[in-house]
Amino acid sequence: MKQPALAAVLLLALLPTVARCLSTNETEARLWFTEFDAKLAVEKNKVVEASWANAVNLTKENAQKVVEANLAHTEFLREQRAEMRQRFDWKQFSDRNLTRLFDKADDIGTSAANASMQERYGQLSTQMSGIYSTAQVPHPDTGKMMQLDPDITDALADPNESERVKRALWQGWRDASGKRMRQNYTDFVTMGNLMIREAGYSNIAQYWQSWYEPRPGQNFTDMMAKLWDVALPFYQQLHAYVRRKLRDKYGAELFPETGHIPAHLLGNMWAQSWFNVEKLTTPFPDLSTVDITEKMNKLGWNATKMFRVSEEFFTSIGLDPMTDTFWEKSVLTRLPDVKMVCHASAWDFYTNKGDFRIKQCTSITTNYLGTTHHEMGHVQYYQQYEKQPVLYRRGANPGFHEAVGDTLELAVMTPGHLHKIGLLDEIIESKDYYLNYLFQMALQKAAFIPFGYLIDLWRWQASEGRLAPEKYNEGWWKLRCGLQGVSSPVPRSEDDFDPGAKYHVPNNTPYIRYFVSHFLQFQLYEALCNISGHNGPLYKCDFYQNKQAGDALKKFLAHGSSLHWEDVLSELTGTTELRADSLVRYFAELNEFLTEENKKSGERVGWDADCPSADWYTTTTSAPETTTLAAGRAATSGTVGWWAAVGAAALARRLLAV
Ligand SMILES: *[C@@H]1O[C@H](CO)[C@@H](O)[C@H](O)[C@H]1NC(C)=O
Ligand SMILES: *[C@@H]1O[C@H](CO)[C@@H](O)[C@H](O)[C@H]1NC(C)=O
Ligand SMILES: *[C@@H]1O[C@H](CO)[C@@H](O)[C@H](O)[C@H]1NC(C)=O
Ligand SMILES: *[C@@H]1O[C@H](CO)[C@@H](O)[C@H](O)[C@H]1NC(C)=O
Ligand SMILES: *[C@@H]1O[C@H](CO)[C@@H](O)[C@H](O)[C@H]1NC(C)=O
Ligand SMILES: *[C@@H]1O[C@H](CO)[C@@H](O)[C@H](O)[C@H]1NC(C)=O
Ligand SMILES: *[C@@H]1O[C@H](CO)[C@@H](O)[C@H](O)[C@H]1NC(C)=O
Ligand SMILES: *[C@@H]1O[C@H](CO)[C@@H](O)[C@H](O)[C@H]1NC(C)=O
Ligand SMILES: *[C@@H]1O[C@H](CO)[C@@H](O)[C@H](O)[C@H]1NC(C)=O
Ligand SMILES: [Zn+2]
């Protein structure tokens with residue numbers, strides 16, 4: 001009796017494996033993988049080549065080539081996945097590294113869906129990025145058509161431009177961009193979820209969050225909420241201080257009693273960086289602030305010089321110089337006589353021969369000096385992990401890739417360093433001088449944090465179906481008012497679609513990576529400063545020429561995504577946690593100062609959770625112009641033209657870093 005029973009059990013246990021003929025032979029798997037990896041590099045290279053050709057020369061033909069390359073690429077991924085699923089039982093491998101690689105090869109995202117779904121998804125994407133990149137807005141006085149870059153951007157940044165014109169452009173941009181893609185975006189959400197289910201995820205939000213590899217018991221969204229909680233008190237102080245200064249400049253009648261700052265007064269279309277209101281808000285206006293735009297121009301710097309200066313910082317700590325191909329093929333200034341995508345980006349061509357490039361329409365400003373370091377940080381990552389299998393040529397998580405260049409930027413922008421490289425004649429060693437400096441950094445780095453958070457909070461809600469399409473804009477403003485403390489200068493409704501007025505939404509680029517990066521970069525900066533033996537306030541640390549710091553950074557980057565990000569992080573910083581305390585330490589003196597000043601002036605710290613009521617807009621003097629502005633809506637052409645190109649580029653965007 002015993003024996004037949006045992007045999008039956010054995011047979012049952014063996015059946016599934018036998019029936020599928022799955023191999024657990026790791027030697028064989030490694031051989032298969034090596035071949036796959038080589039083919040993958042070639043396939044990716046084709047997509048990137050096509051996307052580049054298009055991005056620097058937007059034409060219909062070039063756009064079509066991107067679409068074709070993308071379709072071929074998704075087909076390749078589906079084929080390879082099918083083959084590997086037929087042949088290997090990789091979960092049983094004893095080599096964890098090999099299992100990790102197979103898991104990554106198996107996880108092909110929306111490429112899992114069939115070609116007809118790819119095509120429809122691509123059309124929606126093309127439509128939306130086309131609307132975004134061709135949107136134009138008439139100037140409220142002259143009627144002259146204006147583009148976002150540089151015309152509208154400059155007008156919002158200009159402290160001398162009138163509130164009336166800023167408001168008109170703020171609304172006009174949203175009429176011409178987001179509003180026109182509302183239905184397309186709704187369809188896009190439905191479509192994306194349908195496609196990602198083929199890959200085993202319940203929705204796009206879950207898929208995007210999976211890139212952060214939450215460990216058992218870990219909850220990614222809670223982790224993000226915790227970071228925000230720690231940063232919030234400082235953000236509130238900064239917000240209150242800036243609000244008071246702007247109210248002095250623009251008049252109290254424009255500011256609702258709810259405590260929100262009207263979003264068009266912060267110097268940026270999305271109020272994501274407040275750098276441009278520095279002159280209006282700086283604590284000690286009489287003390288020379290660090291204005292290096294003027295200095296760079298006086299010294300005759302051009303784009304090449306800015307990139308050389310950035311490169312020199314990297315090589316000074318022992319990282320690699322840019323390759324010959326980089327200097328040969330990068331596009332560092334706007335090309336004449338072609339339409340091109342100017343949004344700065346860094347590109348890995350997967351050639352194993354040092355083909356990395358940056359495409360950036362550089363102008364000689366402080367902002368672009370920062371962007372230059374940011375993009376070059378991406379290239380350094382590419383260089384350091386070039387020897388890894390293609391599937392590991394990624395940041396440890398997406399936030400890591402965004403943090404590298406910014407970490408160096410924190411050192412480069414110190415007055416001490418700017419002096420060393422000839423951009424600053426004198427440093428005034430006073431507390432007030434450094435408060436001005438910290439304030440300038442806070443307007444860029446701290447002001448960004450709630451914005452960096454809310455974009456994907458909104459997209460997760462939409463993707464998970466917690467926010468109904470009929471409430472898309474209401475949900476958006478709940479976050480803008482509630483988290484960021486800014487309000488719309490004009491009434492909003494569900495005829496509008498304000499998320500679509502931000503590049504990353506129509507172009508389907510995840511955003512939480514920038515939020516992660518804004519904490520991580522301070523953590524990395526502090527760790528490298530510690531390694532370099534820095535003494536004194538964190539914000540004065542410059543690890544220029546420090547080889548120990550460079551070696552540590554090199555090792556950190558070379559891992560790519562071969563390890564879980566917690567392990568990569570702890571090797572450098574000693575903690576597995578993303579933490580806000582380095583950022584808090586960096587800004588501590590400014591926080592103390594702002595808290596004191598807000599107390600002295602009696603300024604309310606914080607704001608209501610809810611946006612100003614509809615009544616406020618009708619009783620205030622701030623909205624007389626909405627009717628004339630309606631004309632702005634029709635300002636863009638609805639035809640599919642060369643701009644189809646831009647949408648096609650969006651399809652390939654997951655392959656590169658922006
Ligand atoms: C595993 O595969 C390799 C390469 O195909 C082969 O040489 C080896 O004999 C296989 N090992 C086993 C135990 O089947
Ligand atoms: C731009 O692309 C078109 C093909 O669509 C090509 O004919 C043209 O030569 C390219 N222009 C430049 C400057 O490369
Ligand atoms: C993981 O496996 C791949 C493929 O065999 C190999 O190229 C890579 O060096 C391995 N990485 C580690 C960290 O063992
Ligand atoms: C593609 O997949 C969708 C969803 O599963 C399905 O409805 C459709 O029929 C498929 N199309 C083709 C051509 O296989
Ligand atoms: C996008 O939406 C518009 C209507 O708002 C519609 O005419 C167009 O066909 C849509 N595009 C796609 C690709 O579905
Ligand atoms: C704004 O106006 C002031 C005073 O007229 C002038 O000094 C300054 O250069 C102007 N700023 C800009 C950015 O145009
Ligand atoms: C994470 O926690 C939130 C509550 O804070 C919960 O709503 C969500 O479902 C959790 N996510 C996962 C993946 O467990
Ligand atoms: C920048 O100036 C140098 C000479 O100082 C010149 O060789 C180079 O071509 C210029 N680069 C650009 C992008 O204008
Ligand atoms: C840097 O050193 C300080 C002082 O020893 C320590 O408190 C801090 O945690 C260190 N930070 C990092 C990121 O290593
Ligand atoms: Zn980036």
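Keep in mind that glycine also has a Cβ here, set from the backbone N, Cα and C atoms.
When the candidates GLU386, GLU402 are compared with the Zn(2+) 2 site entry in TrEMBL, which names HIS374, HIS378, the shared residue is GLU402. Per TrEMBL, the disulphide partner of CYS342 among CYS361, CYS481 is CYS361.
Among the recorded positions ASN57, ASN302, CYS342, CYS361, HIS504, CYS541, not one has its Cα within 10 Å of the Cα of GLU375 (active site, proton acceptor 2).
Within 10 Å of the C-beta of ASN57 (N-linked glycosylation site) there are 16 other C-beta atoms, taking all protein chains into account.
Among the recorded positions ASN57, ASN302, CYS361, residues whose Cβ is positioned under 6 Å from ligand 8 are identified as ASN302.
Put simply, CYS541 (disulfide bond) is 21 Å from GLU402 (Zn(2+) 2 binding site) when counted between their Cα atoms.
Every protein chain considered, the tally of other Cβ atoms within 10 Å of the Cβ of CYS361 (disulfide bond) stands at 18. On the backbone, the CA of CYS529 (disulfide bond) and the CA of HIS504 (active site, proton donor 1) stand 33 Å apart.
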